[in-house]
Amino acid sequence: MRKKQTQKEQNNMEVLILDSGYVPQSEKKQTEKGGMFLSFLVLFGAVGVLAGSLVSAFSIRDERLWLLIPGIFLFSLFFSWFYADRRLDSKRIYGFLAIVILYMAVCFVLQNRITAGFYQTADFVMSRINQVYHGNMRLYGAYESGDMVIFWLPVLFPVTGLLGAGIVRRRNWLLILSILFPLVALMMIAGGRPGNLWMYFLAMSILLLFTAGRSYFCGWKAGLTALLAAVVVSVPSWCISMPLAGVEIPAIQRGTTRIQNRLLQSLWSFLPKISGGNLQLSLEGIAGGVDNGELGTTDGVFFTGVDALKVTSVQRPSETVYLRGYIGETYTGSSFEPGAEENFQNAAAVWKTDGDSSIYIQNLPFLRTMYYEKQSSGKNAGESESAVNQITVENLNANPEYTYVPYDAFLNDVYQISNGDGAVCGQSRQEDIFSCYWRSNAKEILESYRDGKDTSGVLNDTEKSYRNFCSTYDLQIPEKGLERLKKECAEAKEENHWGESETGAEMPDWAVADEYEEIRQYVVKRLLRDCSYETDTDKLKDGQDFVETFLYDTKEGYSMHFAAAATMMFRMFGVPARYVVGYVAPQELFSENADQTYTAVLEDDNAHTWVEIYQPFLGWTPVEVTPGMETEFVDQTEEKEQSDRVPEEAKTETEEEEISVSGFAVRIAGWFTGHLADILKLCAVLCLLMLVLGSGIKIRAAHRARYGVGEDPAEAVRAIYRYICRILYKKGMSKDCTAADGGTIRFIRDFCPVFTEEDGNRLQKLILRASYGNEPVTEEERLWMRQLCRQIKRSVRGKKR
């Protein structure tokens, strides 16, 4: 009995001596219960924090979500036991296979409820995406209590297993980061924002796991060290950062907002692709403030040159093409809200309209222009051709909630008008064909019949009724607020005697038009004289009035600011006005096609905001008040004055940017985020190259370790023997077999027929001499050992015992 025990100790000693990583110790490391318990707590906490962050980020609500806690507890307990000894023996492998089979069976049986839970979770995620990106993803609308938990538990099971492999089995922070980072990144990209407490726990968990993975201590000591380091670093950082979170630092805030907006612009191009086309993001909304009636919700407007609309005209454009999208009527101080449809329908009930009143009113300018054109051509038969043009608008990436319609266009009955006389709703198809008149032609035709001629008739009566409606609802001014602007406009109105008739009688349409032109010139000059164009603006603070802040405080902004201010100024002067968002296509942008048509591709920087006023007898007419865009509507003197002014402003802005270090940093960051797609591709290629290079280095290092390359012959022989033993262990050789008792030699003979008894004796002597002997091992013996290893590998490959 004593001899058998001594032989076993000798065998174990031989294995330890031949182990390359062996360092004699007085005690063998054992898995401690305390270490297993701490690993369980870390795993349970990491999975719990991850699940809680996702629930908080997307505001997921379900009365049975608390069941995730015991589920995560059981999963963490199972994987802590499974990885406890850091080895996968046969019992654990069979147990794991049984668990996998059971897992798949449960998923198969509950597949309907799991699918329903997925749809419920997807609804919360898509709602957040729609909210953040102004998207239009349609929700599934499925809800049944408990289904969401049944979906989350099967998802958390493999996640717990993967994290357990990097926490319990082997502390590998790279494995953990490869799981956590994609999940957190996707959560952020989808617009998810966890609460501050969950963000703290998530950051602390990552810091804890990283510290434990790099610790030199073992077992529970590593865990306590990591926990202590995480607490020492995170708690003071949290206490410092929370008070600073509410402090506004304009330079930093403006720079980070620009980077964030450019990052969103880089994301919008491929997010619809990975959603299968269900997600159509608002390009203008991401640009900042030129999507709808919201005012000052972002710090500036940023564009990257992405295609938005494709416009094709049969005739060569003779003017700038304005395509209306959103139309705002009611000013709230921070937005222009659409008009009330009830007001329009009540008024239209007494009008002489045919069919849908909304469509009829939209088509009224076109119908009246066509009527008078035919009247004119009837008197001069054969001398003139119709001025009707055809414009095709193809939506590439613009907001699909709207149909972008040119002025003086004809709409058929398939279109729907929001809020009575507001924006034209988006269509399922992305290409719209409109018959329309150029605004200059329509104005010329209508004015020729307006001045001094009979304007009676059904169409003109309807126009007068709609004009009265606009004079009621598109002259609205808030009772409170805008006090400085009200005072300024009242003084200017009194000084110029606008709205006053010398005889006290109603002014004719041509006289009203002349007065509106004077008011237009005043508004344009006032804005261009006192306000400057600037895309990098500050976000509107709570309680501030957007128009007054722009006119009297900041005095800088872009088209949104100028159009909003002009809308309210026109109304205070008695001119019906509305706030319009859409796209502008300058005539120089159109190029001739082979079929004699003209096409322009509008990019996101063609998104624009302007004001439209209601001209008596003519209808809604766009008025441009944004610097650099207003030259079409001013005379030559004003054009020259403004052309001298704008370059000077641009020069001043350029000089300020050049001397601003923060501005330079923002531009550099903006360039990187603007080329994010290319940078990601480059990073992917570099990562692939690093992976290939790292794999090559790893394979080469493993090859050198197997054959003892670079070592002396004796060490090389021991290394090759260890490699042979590892191969034989996988084929079923007992770890009690050694070269000393001949067990290893006999096992090799069973697998390798070319291995003779003479080779066995030589191998046994060589191993013992390399391990214990004083005689040196020759280079020839090392080469023989290496050749023997290769023969054994070829023999055991694919052969079963």
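Every residue gets a Cβ built from N, Cα and C, even glycine.
If you look up TrEMBL, you'll see 637-653 marked as compositional bias 'Basic and acidic residues'. Look at TrEMBL and you will find 551-627 tagged as domain 'Transglutaminase-like'. Per TrEMBL, the feature region 'Disordered' maps to 633-655. Annotation comment: TrEMBL describes 37-59, 65-84, 93-111, 149-168, 173-191, 197-217, 224-245, 679-697 as transmembrane segment.
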Could you check whether the transmembrane segment (37-59) and the transmembrane segment (149-168) come into contact, where contact means at least 3 Cβ pairs under 8 Å with the two residues of each pair 6 or more apart in sequence? yes
Positions on the same chain near the transmembrane segment (65-84), where near means CB under 8 A and six or more residues out: 31, 36, 39-40, 43-44, 47-48, 51, 55, 92, 95-96, 99, 148-149, 152-153, 156-157, 160-161, 164-165, 168-169
Counting only residues at least 6 beyond its ends, the same-chain positions whose CB falls under 8 A of a CB in the transmembrane segment (149-168) are 36, 39-40, 42-43, 46-47, 50-51, 62, 64-65, 67-68, 71-72, 75-76, 79-80, 82-84, 103, 106-107, 110, 113-118, 120-121, 174-176, 179, 209, 212-213
For the domain 'Transglutaminase-like' (551-627), the averaged pLDDT of the predicted model is 90
Over the span of the domain 'Transglutaminase-like' (551-627), count residues by DSSP class, listing helix, strand and coil in order. 24 helix, 33 strand, 20 coil
